[in-house]
Amino acid sequence: HNTGLSIQKCDFMIPENHKKHHTEEISTERLIVRRGQPFTITVSFSAPIHNYLKQMKKTFLIVQTGRPHSSRADEIQTEFPISSLGDQKQWSAAVEEQDPNFWTLCLNTPANAPIGQYTLLLRASKSPQFLGNFTLLFNPWCQDDEVFLANEAQRQEYILNQDGIIYQGDENAILAQPWDFSQFEEDMVDICFILLALGEHLQREKDPARRKNPVHVCQAVAAMLNCNEFRILTECEPGQQYNGTPPSKWLGSSPILHQWIASKFQPVRYGRCWVFAAVLCSVLRCLGIPTRVVTGFTWAHNTKSSLSVDEYYDEDGTLLTQDKSARVWTFHVWNECWMARTDLLPEYSGWQALDATCQEKSKGLSFCGPAPVHAIKEGDTQVNYDVCYFFAAINAKCHVWIHKADDTLKPAFGGTKYIGNNISTKSVGSERCEDITQNYKYPEGSLQEKKVLEKAYRSMKELETTTTSSIISIPTALEEPVNIFIHLQSSSSLQLGQDITLSIEVFNHSGREKATHLVVGIQALHYNGVPIAQLWKEEFHFNLQSDSVNNLQVSVPYTWFGKELGENHLLRLTAVLRDEDSSYMYLAQDEISICDSPLTIEFPENMVQYEPSTAMISLQNPLMEPLEQCVIAVTGQGLIYRQRNYRLGSVQAKSTQELKIPFTPTRAGSRRLTARLTCLQLQNLKSYRTTNIAAA
């Protein structure tokens, strides 16, 4: 009489399960499934089972996290019977097919099971026998999962797409930068769970059941990017010399995470907001939370949730960094994750803003979020989760001051900036830029905007009186002597090597002649509002006739500013006008981003998986001088392995050099090739091209 089951082998049926669970890109070697959705395994016995029903009643399955046979308090262990009908909502197993030599079992996991790495055991009358390991992820395809996303095209984009686009530049010339999320690369899943465990450890979170909750997972992972001792990336001060990789040089998340693991959790040098957001997006997509990268232009950073921010210029229009922490950034990049908020009111479900860049908060440095985007739009700062930080960053009023030589500050008329513009993300299923500003704020100047601002001011005031003594005042418009207007215009995006043409118009509506002094200047700028260098300035003196317009045209040659562009290729243009009678100061400003890449990529007509092919990259030097020490880095998932570097040496002035890239595509479907140029004169200019590979 046989007293138990003796298992010969267990087949986890990986290809079939992975297809159903949308995990076939992650691995072909081990089982990775999504919660709330059944999967199938086959157990073969070394001796035939004759009394099937009787045997089944005595057989149980055990799932546990952590090591087999350990019963530590911080592990999860669940035991459940095998029945002829599985319960869809609980851990359960049902026999689908059976004969004396094998059983095919269908396993169900709850839609709110903790994600993680599990061991599966089978217990008949003898001690439990090991069947294998599997990984459980969030499931946006399952209606009962908190991360459920109803639209298939959105699931393809926000979970499965590994080719990202991150927007930089400035609001008048948005620059699309390629990023390889590579969330399904080999060992990415393991890295993500190591990272999650470390994040929990640092938050002193010991309860593994917390991993049911996407809010908890988002916070534990976001804390790891830039805000603690084991952080994945470290920032470097603008202008500091790089003894690491400059942030704009990275092409994807995988090299960063692999370097962090290989160095035993030493922070990788260097990151900036877009790098933090990109890596966070890779990790959350890998774990199964729908995530996207979002960019906002003219962002008020570190306002400590007060609704005003100041910019300071000297009398020549040179931007000063008076306030070290609170500044207007040209752009800022953060994430949005999709989930139901079971901890908040139902209207706060949907996209949640999550910012991994370190903020100065009352309790020290920290990430921000996940803040319901709906709460940010409505000014519902009492919801917490840093809603007030996001609200202030896109709604603060920016006051511009002139710091005079005698150390006094004067308001600059006409200098007020509108904060929080052109909030952008890659659109679903295409490479177009989608503007999502309307998710974050009501139209500028609308009645709803006014109501929301007043509501937020009131609640932030209450918040202030309870926490600190600093005062928030509703910024009132300065009493402007609006009789002089100054208008500055130039093309918002420049080609490399192109001169800048400025036109300045000054309107005098005062009804009398005025003697004026005008200074026009150009500065190179870091993306976070820190000036790099004053590149050019010129002074003009003229008398304005009453009720007339003066026009100035100025041209600034590329050679005067091209050397000092900084890594984001941003220029700030300013015009400061002083009315000699009243000594009022007027300021106009504009921003230019130099955003074309001299690289173009061409593919042959038809390409087939596993068949050798050649792409062509041309480098066109637009400058009047040779480009020296040119290196082109090329990468593309499923097209070439890892990253290749090609050294081109010098490329003569105004000439074109071509480079053949032989490759054999290993994956079919839509695939992207990215090329990055670095040389003595120009840093990290990127180009990309997407193509279709026919299946073999």
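The backbone N, Cα and C atoms fix where each Cβ goes, glycine too.
Unlike curated entries, TrEMBL annotations are predicted automatically.
According to TrEMBL, the protein has these features:
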- 265-358: domain 'Transglutaminase-like' (DOMAIN)
- C273: active site (ACT_SITE)
- H332: active site (ACT_SITE)
- D355: active site (ACT_SITE)
### Nearest-integer angstrom distance between the alpha carbons (Cα) of C273 (active site) and D355 (active site)
8
### Message
If you average per-residue pLDDT over the domain 'Transglutaminase-like' (265-358), what number do you get?
### Response
93
### Task
Between the Cα atoms of D355 (active site) and H332 (active site), find the distance and write it as a whole number of Å.
10
### Query
Relative to the Cβ of H332 (active site), which residues of the same chain, six or more apart in sequence, are found under 8 Å away?
C273, T295, G296, W299, H301, T357, A393
